[in-house]
Amino acid sequence: MGFKLVLFIAVLTLVGSSNAEISAKMDSRDSPMIQERRCLPAGKTCVRGPMRVPCCGSCSQNKCT
């Protein structure tokens with residue numbers, strides 16, 4: 001009887017941990033905090049300030065290169 005109880009608890013633990021992993025993966029995909037980084041392509045004007053979007057390359061003479 002004790003062996004069946006230990007086996008039952010082990011199965012519940014495995015099922016619970018796999019469900020936790022699945023839900024953790026789903027949470028990270030649905031999270032609004034994880035956003036795709038945006039950048040300006042070459043030729044666009046570099047914008048300074050708090051709401052600026054960085055260049056994909058570098059900013060030279062107010063143009064993205």
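Using N, Cα and C of the backbone, Cβ positions are placed for all residues, glycine too.
Record features, source Swiss-Prot:
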type	residues	note
DISULFID	CYS39-CYS56	disulfide bond
DISULFID	CYS46-CYS59	disulfide bond
DISULFID	CYS55-CYS64	disulfide bond
SIGNAL	1-20	signal peptide
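Here the disulfide-bonded residues are CYS39, CYS55, CYS56, CYS59, and the one ringed by the most other CB atoms within 10 angstroms is CYS55. Here the disulfide-bonded residues are CYS46, CYS64, and the one with the most other Cβ atoms within 10 Å of its Cβ is CYS64.
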